[in-house]
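Colleague: Annotation comment: Swiss-Prot describes 34-47 as compositional bias 'Basic and acidic residues'. Look at Swiss-Prot and you will find 334-344 tagged as compositional bias 'Basic residues'. Under the heading SUMO2 cross-link, Swiss-Prot lists K160, K314, K322. Residues or ranges marked as domain 'Brix' by Swiss-Prot on the basis of sequence analysis: 60-249. The phosphoserine annotation in Swiss-Prot covers S261 and rests on similarity to another entry. Look at Swiss-Prot and you will find K276 tagged as N6-acetyllysine, backed by similarity to another entry. Swiss-Prot lists 1-50, 334-353 with the feature region 'Disordered'.
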Amino acid sequence: MAATKRKRRGGLEVQAKKPKRSSKDAGQPAKQADVAKEAEEENRDRIPGPVCKGKWKNKERILIFSSRGINFRTRHLMQDLRMLMPHSKADTKMDRKDKLFVINEVCEMKNCNKCIYFEAKKKQDLYMWLSNSPHGPSAKFLVQNIHTLAELKMTGNCLKGSRPLLSFDPAFDDLPHYALLKEFLIQIFSTPRYHPKSQPFVDHVFTFTILDNRIWFRNFQIIEEDAALVEIGPRFVLNLIKIFQGSFGGPTLYENPHYQSPNMHRRVIRSITAAKYRERQQVKDVQKLRKKEPKTILPHDPTADVFVIPAEEKPVEIQWVKPEPKVDLKARKRRIYKRHRKLQQKMSRGSAK
């Protein structure tokens, strides 16, 4: 601001004279403008870091690990869930000999209050435990129809570490055990706000749908232009078995009456195939018995020839001259002539000598 000088008598303000700029000072504003432009260009090319204007209050941490004996598809599904949930932690595989309540101690060591544990049995059946450590409750599911991100190759995509929206079927509010599972899934799959590893964006949605007494999981990308949904993956289906009061055990709060174990399912399939085989064998035995039975000859029915029209008799032509024999050219070629016989005799004599 320009300096002002006040007169003593009149009290009027008179602007002070500005000092003259030298040639050195005249070049400084141009240099400052160039520096400002360079700084703007650098800021344009620079990727801004994550914006965090609040405080991280929700300290939910999820432990995701499995037992030994899982196949490659289960391992890929576990890696996909860890990638989609930035608030998750990993651990080494658990031995089959260890009891399930040992997982509560592992959660305490890892400073986690929720757990997703994949339990493999017979190298073909996969079970998922969702637990609130250490006081419970916990739920056990049978995992079916697994499709991983690498297997699906969908067109959707989302930013790594972004926070998802959770969409639930209205049927979750109808029954009390589904309401409990809804709250359970919200606490596990929702990324806490202002988490250090999360990004302040919402660009995908997790959907939980109830169909055929099962929970179907899908992951969709939210497109900014028209708010359309494009599937990303992975996919899996959770078949509820039991809900326990404690963590990995305790009194049973709910048991699914529609659940059928994989062993029983395989047994039913084997019994169906065995019944089909027995039916085929019985049909073959009946056919053999019918072939051995004597055939019953029915008497001729005179009414069967009522609508039969006799054919017209054609005149018979008698040949008085003997027909000429047909010449077989192939037989003539095969015939051995006199000169051929002589050549064969000479060859046989020469070989004998």
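Using the three backbone atoms N, Cα and C, a Cβ is placed for every residue, glycine included.
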Colleague: C-alpha of the residue listed as 'phosphoserine' to C-alpha of the residue listed as 'N6-acetyllysine': distance in Å?
Modeller: 23
Colleague: Going by C-alpha positions, which of the recorded sites (K160, K314, K322) is nearest the residue listed as 'N6-acetyllysine'?
Modeller: K160
Colleague: Rank the recorded sites K160, K322 by the number of other Cβ atoms within 10 Å of each Cβ, and give the residue at the low end.
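Modeller: Minimum Cβ neighbour count within 10 Å, taken over the recorded sites K160, K322, occurs at K322.
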Colleague: At the Cα level, what's the spacing in Å between K160 (SUMO2 cross-link) and K314 (SUMO2 cross-link), rounded?
Modeller: 94
Colleague: Ranked by the number of other Cβ atoms within 10 Å of their own Cβ, which of the recorded positions K276, K314 ranks first?
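Modeller: Answer returned by the neighbour count: K276.
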Colleague: Which secondary structure state does DSSP assign to the residue listed as 'N6-acetyllysine', in the simple three-class scheme?
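Modeller: Its secondary structure by DSSP: helix.
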Colleague: Take the Cβ of S261 (phosphoserine) and count every other Cβ within 10 Å, whichever protein chain it belongs to.
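Modeller: If we count other Cβ atoms within 10 Å of S261 (phosphoserine), we arrive at 11.
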Colleague: Along the domain 'Brix' (60-249), what average pLDDT does this model show?
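Modeller: Taking every residue in the domain 'Brix' (60-249) and averaging pLDDT yields 93.
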